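> Dumping what Swiss-Prot says about this protein:
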{"type": "BINDING", "residues": "GLY12, THR13, SER14, LEU15, ASP16, GLY17, ILE18, ASP19", "note": "ATP binding site"}
Amino acid sequence: MAMKRAIGLMSGTSLDGIDVALIESDGERIRLVKSANGLVAPLGPTGYRGYAEAERALLREATRDAEGLRARTDRPGRLAEAEDFVARAHAEAIEAFLAQNDLRPEDIDVVGFHGQTVIHRPKLGLTVQLGDGAALAKRLGIRVVSDMRANDVAQGGQGAPLVPVFHKALAEAAGFTGPLGILNIGGLANATLIDSGGNMLAFDTGPGNGPINDWMKERTGQDFDEGGATAARGTVDEDLLENLLGHPLILRAPPKSLDRNWFSHRLAGYLTVEDGAVTLTAFTAHAVARSLAFASERPARWIVGGGGAKNRTLMVMLERLLAAEVLNADAIGWSSDFLEAQAFAYLALRSLEGLPLTYPTTTGVAAPVTGGIVSEP
């Protein structure tokens, strides 16, 4: 199959903003260049559109309004307003990206549009990512693939994580072999484990940055714990940590996809700012470590992406608990900030080719299935 250009979009549950990334792929192979020192050159240009505080507030309110949803098409409260905003903001992000990189709509074969998750309840057969793919395609003049989780959930899968098939393809293109762990730490944390035979197991491990960010916002007004500096000054409350790690969703075996809102920062409410930050950080790290009970082989190397890769306190904890080499994705030429956006570009290309997005070992679906709704401009 011929290589195509795809743009991926990701707006995560941390509500920071919209990541934009361009890759070239045929839905299986990824165009990747290794430099003389063995690092991977960037897959393609990237961009970002941050959310203003009022925009974050709208998305937070829409997420609360979604708690009572029973049908995917219902839009009570501010959900309809938020859905219009999501499509508009993503269009603005791509338009700015194209202009900055001297690209035209006809240079792009497809856009992979994740949308904004407001509720994810696979046991109820319910997952909702706000964002009108048809409206986005019409405004941009580019084919759009959206709603990539729904088919997996309809077929009995967990609907998440979706990025493992991209992780595996990227690792293979970069020459990495198992046993390898690829960890993405956004609002939640999810792991892709590749054993020495190339077999893949993937699942959400537990909280990521979500509870830490919520804690910092509530207690300090800051959006996150920059570099893990606040946590570095604190002392872990071991009793609270053990209580948090007893959460039934942490103990549950894969397949496992989680909802960011299932892990609250408020259990740390009686602690100092520093002690709360470090205890919630330890919760994320220990949940990853305990997930290895489900692995056929312990990874000898971990590659960490997402916002959590910038939290030095968290990275030190992971290195100690995992007893393995732990690398920031940026250190090997990958992009810790844009891995998910790149993944949704890749998934959009797979969707166009009818290739599987999910597998029994990633979401628990009975057989590999494709997904996504294709909207023509």
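These residue numbers are counts, starting from 1, taken along the chain as shown.
Note: Cβ is positioned from N, Cα and C throughout, glycine not excepted.
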> For ATP, what surrounds GLY12, THR13, SER14, LEU15, ASP16, GLY17, ILE18, ASP19 with a Cβ no more than 8 Å from their Cβ centroid?
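Those within range, site residues removed, are MET10, SER11, TYR51, GLY186, GLY187.
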> Which residues in the same chain, at least 6 apart in sequence, have a Cβ under 8 Å from the Cβ of ASP19 (ATP binding site)?
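GLY8, LEU9, MET10, SER11, GLY12, THR46, GLY47, TYR48, ASP337, PHE338, GLU340, ALA341 - these are the non-local Cβ neighbours of ASP19 (ATP binding site), listed in sequence order.
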> SER14 (ATP binding site) has how many other Cβ neighbours within 10 Å of its own Cβ?
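The answer is 23.
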> Going by a 10 angstroms cut-off between Cβ atoms, which of the binding-site residues GLY12, GLY17 has the sparsest surroundings?
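Counting other Cβ atoms within 10 Å of each of the binding-site residues GLY12, GLY17, the minimum falls on GLY17.
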> Using a 10 angstroms cut-off on Cβ to Cβ distances, just flag whichever of LEU15, ILE18 is the loneliest among these binding-site residues.
LEU15
> According to DSSP, collapsed to three classes, what secondary structure does GLY17 (ATP binding site) have?
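DSSP call for GLY17 (ATP binding site): strand.
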